[in-house]
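*Asks:* Here you go, one structure.
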Amino acid sequence: MKTAKEVLDFIKSNDVKYVDLRFTDPRGKWQHVTFDITMVDEDFFAEGQAFDGSSIAGWKAINESDMLLMPDVTTACVDPFFSETTLSVVCDVLEPTTGEPYGRDPRGIAKKAMAYLQSTGIGDTVFFGPEAEFFIFDDVKFKADPYNTGFKLDSIELPTNGDTDYEGGNLGHRIKTKGGYFPVPPLDSAQDMRSEMLASMAKMGAKVEKHHHEVASAQHELGLKFGQLVTMADHLQVYKYCIHQVANIYGKTATFMPKPVYGDNGSGMHVHQSIWKDGKPLFAGDKYADLSQECLWYIGGVIKHAKSLNAFTNPLTNSYKRLVPGYEAPVLLAYSARNRSASCRIPYTNNPKAKRVEVRFPDPGANPYLAFSALFMAGMDGILNKIDPGSAMDKDLYDLPPAELKQIPTVCGSLREALESLAKDHDYLLKGDVFQKDFIESYIDLKMQEVARFEMTPHPVEFEMYYSV
C-alpha cells in the first residue's frame, strides 16, 4: 500500500477494527497507541495524531510535551498476533507547531541520513543487512532489590539440564557449551518456533531468507534480506517484535541482551553495508579483495570513529561483556577479507553487486535507526576525507604475539568509555544535520543514567570474590 486511499480501501475490504500507530523511542523500543476504526479517515493519515512526548525517556520536558505521530502508510500491515483485526502503521515523529521532523526521533534521523547521501552526490542508495542473534529461555527469574540481587535462567537445551527430571522423562538431547551451530532436531529444539517467527515477519512486510540455531545453547538467528537504511531498520523492529511474540505464544521468552550467559557465546548483530549510485555498486573495484578506493575509505571512517560508534552500536552496559576476546567477538579494529576475527570483514563473493562491508562489533541491543545512521555517517566521513584504513590483517588476530596485538586498536571496554568517546568525537554525525547536538547530549545523559545504576549496584560476583576479605 502506497497511499492513504489504498489503506482505507484495505481497511474496508478486510473488516479492520483498529489501527495501531507505532514509533521507536531513543533506546530502540517500539511504542504504540491503538485507535478505533471510527477515528480513522483520510485526515487521520494526512494530519497525524498528537501524543504526550514527555512520557518518553530522552524526549521533551512536560512543559513542551505535545508531539505528532505522522503515519507512513507504506508500512501498513495487519498485525498477526492481535485477536481483533488490527492494522499496524509505523510513524515518524513531528513537531506539531512546524510540521518538521523532531530532532530526537530515531526514524527521522535515519531518513536524514539517506537524504544526506543524495546531497553529497557520492551515491543515491545505502543498503544495510543486519544479522541479529538472540536467546530463547523457558524460564527467567531476576531481582535487583538491595537485599536480594541475582538471576536464574533455564532452557531445555542447557547442558546443565542433563539430569533434570521432566514430565515424560529427560530425553537427553542437549547442546554442549559452544556446540550449537547448525545441529538438526532434536538437538535443535526450536525449529518449528523459528519457522513460525519467520512466517510472521513475512506477514508484517519483512523480506525473510532463512533461520538456524546459533553457537550457544538456546541461541538462534533468523535471516532478513538486505534493504535500504530506513526500510531495514523498520524490518529489524518487526524482527524483534515477532520473535518476542512467537516465543511468548510458545510459553517461552526471548532476549536480545548481548551477553545473558557467562562462559558461552554472546549475541551479536553483524551489519552488512554498501552504497550504490545510478544502479551500480560503489564498493566494487580493483583494490584489496576487489574493493573500490571509496570502500576502503568507508572502512577507514568506521575504524577511526569506532569508539564513538560504540555508543550507538553497543548501547548497553551488558554489551561490553560480549566484547571480550575468545567468544568470536570482534574487538580488534582491523579489516580483512573472510577473516572473522577482524571487526570489519569483507565477505567473499565473485559478484561485484554483492561487494559490501560487514561490521561485526554491533549487537542486537542497538536502536537500528541510530546504529545504521551512525555507521553510515562514519563511513561517509571516511570517503569525504579519504581516511586510510591501513593494511588489511589477514591472519587470525587472536593468535598474534602480545607485542603485536598491542599495536591494534580496540573497541571500547565499557559503555562509559563509549559515551565519553561520543562526547569527544561526534562532529562527523552532525553533517547534513543528520544528528543534532541536542540529541547527542540528551542521548548521553539518558545512557549515563544506566551506567550510573550499573556501576553503583553491588554484583553477586563481588560477593563471591570479596565477601570474606
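Our numbering is plain: 1 for the first residue shown, then up by one each step along the chain.
Placed from the backbone N, Cα and C atoms, the Cβ positions cover glycine too.
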*Asks:* Let me know which member of Glu196, Glu221 Swiss-Prot also records as binding Mg(2+) 2 at the site of Glu133, Glu214.
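*Replies:* Among the candidates, Swiss-Prot records only Glu221 at this Mg(2+) 2 site.
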*Asks:* Have a look through His32, His213, His220, His270 and flag the one Swiss-Prot assigns to the Mg(2+) 1 site that Glu131, Glu358 belong to.
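*Replies:* Among His32, His213, His220, His270, only His270 appears alongside Glu131, Glu358 as Mg(2+) 1-binding in Swiss-Prot.
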*Asks:* Over the domain 'GS catalytic' (106-469), what does the predicted model average in pLDDT?
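*Replies:* Within the domain 'GS catalytic' (106-469), the model's average pLDDT equals 95.
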*Asks:* In sequence order, which same-chain residues at least six apart have a C-beta under 8 angstroms from Arg345 (ATP binding site)?
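*Replies:* Residues satisfying the criterion: His270, Pro330, Tyr335, Ser336, Ala337, Arg338, Asn339, Val357, Glu358, Arg360.
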*Asks:* How many Å lie between the Cα of Glu131 (Mg(2+) 1 binding site) and the Cα of Glu221 (Mg(2+) 2 binding site)?
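*Replies:* It is 7 Å, counting Cα to Cα.
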*Asks:* Excluding Glu133, Glu214, Glu221, which residues of the same chain place their Cβ within 8 Å of the centroid of the Cβ atoms of the recorded Mg(2+) 2 site?
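*Replies:* The answer, listed by sequence position, is Glu131, Ala132, Phe134, His212, His213, Val215, Gln219, His220, Ser267, Gly268.
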*Asks:* Of these binding-site residues, His270, His272, Arg322, Lys353, which scores lowest on Cβ atoms within 10 Å?
*Replies:* Lys353
